[in-house]
Amino acid sequence: MAEIAAALPTAGGIYYWAYVLGGQDHGPLLAWLTAWYNWAGWLTIVPGIAQGNTNFFVSMLEILYPNAAVLKEGSFAWCISALTIILAAIPNCVSQWTIRHMLRGTVYTTVVLMAFYFIWFPIAASRRGGFQPASIMTTFYNGINTAVDSERNTIVQASDSYCWVVGVLFGAWEFYGYDASVHLAEETLSASTVVANGMWTGSISTWLLSVLTLIMVLFCMQDFMGIVNGTYPNNWAEYLKQLVGRRGAAAILAFTWIDGLLCTGVIFLSAQRITYAVARDGILPFSKTFSKVTPKHHLPVNAALLMVVLTIAICAAVIGSTVAFSAITAAATIGTNLSYLIPIVARQTVGRKHFRPAKWNLGAWSIPVSIIASLYIAFLFVVLMLPQLYPVNAQTLNYAPIVIGGITAIALGGWFFPFSLGARYWFEGPKRTITEVELVGVQVKGCE
């Protein structure tokens, strides 16, 4: 993806790539499908982040006020998630100055939080129950129950392999939104190099920090089964309470919520930009309205308002569902990765002959990396559709397949709709405001 981004850095991002790589014959359809999957993915990422952040906040309140019954209500969690989304949207609708300071604030709070973890946790563990032995790195816990055997009065356990496969969501949720930097490409100097470097360095740094943090967290853990059996919305709260005490846990969760609020704002920024881009190109209903920008700061406020309404509505899934957060994150991961798959495959198939790499490229590694990436996305598509809790009922249903199926139906229905109303009759691809030559000084056939 970084290789393609280096050659084609534009706010439309990956659906613009799909159009260029597909050429005049396949480009419009590929761009249409990519745009819908990508937009739907970012649409669900925002409530996923907001809901995860809400779990931190409500867990903090439950630590401080353990007898408050309202904290157990799904409607209360929904209100907090809605407030989080509104607060995250505000900086993105004011000015470039507020956006810039929001981005900086996210970096600062994350660095401070990581410093807390790596300094405070080892000290706290040494003063309490000590550190976990090395065997913690090879311990496997399977908490997925498939059914109850009434005759033997036992719980039927899912296989360890199934548990491991479903657990891939933990890692996949850490690595998404590779195209985030692309959405700001038209506002970036030296976009070709900066965007590509941002994509791969972001992935490497995320992996490195995640692995180091995970190792530290595992060795500082006090009571594993106590954490598993915790009753907080996010069992990270139980981990913290065991390690640093009630007040320390509440303080860390409060600061985590602030950091998460800023992160939600950053994610909202990308979602807002992709909404503006697809509306600008006539893909969304009422596109003229949602593609407008403010006269003074040139910000797509209408696109932001659309995202606020839709994401708050999606967050309503927490009312009456025990797996809402996992289902939302699974849908977001599937949607974004499907949108990545289309240009990756197009790059090596219909677009292989006329794609001209920029200075930053993979060279001979392009095909092997594309194959590995495609297989990984196909793997994610299958496993993230699987049930995450058993027995499957209204409360435990993984509705990610319903979300993805619905988006696919809307996209294909919008394309093939008859009576000259379908997009196949009028959609000619993204509307360019600047040319490829102006962007990176290269020309790509198929998008004249």
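For all residues, glycine too, the Cβ spot is worked out from N, Cα and C.
According to TrEMBL, the protein carries these features:
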type	residues	note
TRANSMEM	39-64	transmembrane segment
TRANSMEM	76-99	transmembrane segment
TRANSMEM	105-125	transmembrane segment
TRANSMEM	207-228	transmembrane segment
TRANSMEM	248-271	transmembrane segment
TRANSMEM	299-319	transmembrane segment
TRANSMEM	325-346	transmembrane segment
TRANSMEM	367-390	transmembrane segment
TRANSMEM	402-423	transmembrane segment
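With a cut-off of 8 Å on Cβ pairs spaced 6 or more residues apart, the transmembrane segment (105-125) and the transmembrane segment (248-271) reach 3 or more such pairs and are scored as touching. With a threshold of 8 Å between CB atoms, the same-chain residues lying at least 6 positions outside the transmembrane segment (367-390) that come near it are 1, 144-147, 158, 162, 165-166, 168-169, 172, 322-323, 326-327, 330, 333-334, 337-338, 340-341, 344-345, 347-348, 396-398, 400-401, 404.
Across 39-64, 76-99, 299-319, 325-346, the stretch most heavily in contact with the transmembrane segment (248-271), judged by Cβ pairs under 8 Å, is 39-64.
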